[in-house]
Amino acid sequence: MDYESIKKILFHFDPETAHHIAESAFELASFFPFILNRLQEKFLVKDPMLSQELFGKTFCNPLGIAAGFDKNATMTKTLHALGFGYVEIGTVTPKPQSGNPKPRLFRYIKQEAIQNAMGFNNDGAEVIKARLQRITPASFPIGVNIGKNKTTPDEQALQDYRFLIKTFHSLSDYLVINISSPNTPGLRDLQNESFIKELFSMAKELTNTPVLLKIAPDMSEDQAVSLCSTAVDAGAAGVIATNTSIDYSLLRGAKDFGGVSGKVIKEKSFAIFKAVAKELFGKTVLISVGGIDSAEEAYRRIRHGATLLQIYTSFIYGGPGLVKSINEGLIEYLKKDGFTHISEAIGIDIR
């Protein structure tokens, strides 16, 4: 059965139920190596032109699944088999939490967008750590996206991040500090220079595992550049730009809560990424996410300084076929422009 047929069935359900159905299927598939092998043969693009060594691991292609899809590390192996060069799990919090009241996930099919107000629902660090112990070390890179519990006051947030770094640094190829989700009250207030300086200075003392910062698109370009520069100066190994947006003017019929993602945030996300890349390209690893839905868009981000890319919403609408077509399309763009390896194209438009 092709993905369009599967999607028609899944889209009969509300988005969160559909996600749980997919999660159950993906989790089941992960226990059967022959299924994973078949999926890999069909969807996973492994080409020397796209392969990169980063963070001490080989990324067979630059496209990863963004955090929020595999919140609990239940689908990690299957997502790699479906074509992703790496998988970022989470967001994980120290204690389990159920997230915000339902309904909290909404599709906007004609606009190929999603709005979510999930609120870091996850099984908690202990359970997710045990799952990762069963699948690591993996043959592909795994990132862990970490966030504070909703009940943790901002002035104690540092302790949550300390605990999470100590818990996951040996089970991940990189860690991501999430202070940019709009769905935990007060979390975005931590996107300030003094907290970021303190956080990354602490991280540097705790681990050699690369720790990255993920930022929101809802700030000025100057502010984004300043925050990211502060993080890199304090020891951040990279920047992920961007998270979902709370600019509801981008989406027709938007709710007045939660974060918007998909095609509608493409230009907003790209503008912030471009500003950060102009300042930090060559100084740190830059990962672009937000509205990437084609090889053409992926290539634009790469030419503007992205070493790696992530998708989420476009995967919901396009399925694993999209992952494959983006990676194969990137190879074609590289060849057309006379490049023999992705590294030659990264940042070519801003050098």
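Just so you know, glycine gets a Cβ as well, placed from its N, Cα and C.
On a predicted model such as this, the values are computed, not experimentally measured, just so you know.
According to Swiss-Prot, the active site, nucleophile annotation covers SER181. Sequence-distant contacts of SER181 (active site, nucleophile), defined as residues of its own chain at least six apart whose C-beta falls under 8 angstroms from its C-beta, comprise THR91, PHE120, GLY147, LEU187, ARG188, ASN243, THR244, GLY259.
Here Swiss-Prot flags ALA67, GLY68, PHE69, ASP70, LYS71, THR91, ASN145, ASN178, LYS214, THR242, GLY262, GLY291, TYR312, THR313 as FMN binding site, drawing on sequence analysis. Cβ neighbours of ASN145 (FMN binding site) (same chain, under 8 Å, six or more residues apart in sequence): ALA67, GLY68, GLU88, ILE89, GLY90, THR91, VAL92, LEU175, VAL176, ASN178, LYS214.
According to Swiss-Prot, the feature substrate binding site maps to LYS71, ASN116, ALA117, MET118, GLY119, PHE120, ASN178, ASN183, ASN243, THR244, an assignment based on sequence analysis. Under the three-state DSSP scheme, LYS71 (FMN binding site) falls in the coil class. Residues within less than 8 Å, Cβ to Cβ, of LYS71 (FMN binding site) and separated from it by at least 6 positions along the same chain comprise ILE89, GLY90, THR91, VAL92, ASN121, ASN122, ASP123.
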Chain-mates of LYS71, ASN116, ALA117, MET118, GLY119, PHE120, ASN178, ASN183, ASN243, THR244 with C-beta within 8 Å of site centroid, substrate: GLY68, THR91, GLY99, SER181, PRO182, THR184, GLY258, GLY259
Where ALA117 (substrate binding site) falls in three-state DSSP terms: coil
Between ALA117 (substrate binding site) and TYR312 (FMN binding site): CA-CA distance (Å): 15
Cα-Cα distance linking PHE69 (FMN binding site) and ALA117 (substrate binding site), given in Å to the nearest integer: 13
CB contacts for TYR312 (FMN binding site) [other CB atoms within 10 A, all chains]: 21
Cα distance (Å, whole number) from PHE69 (FMN binding site) to GLY119 (substrate binding site): 13
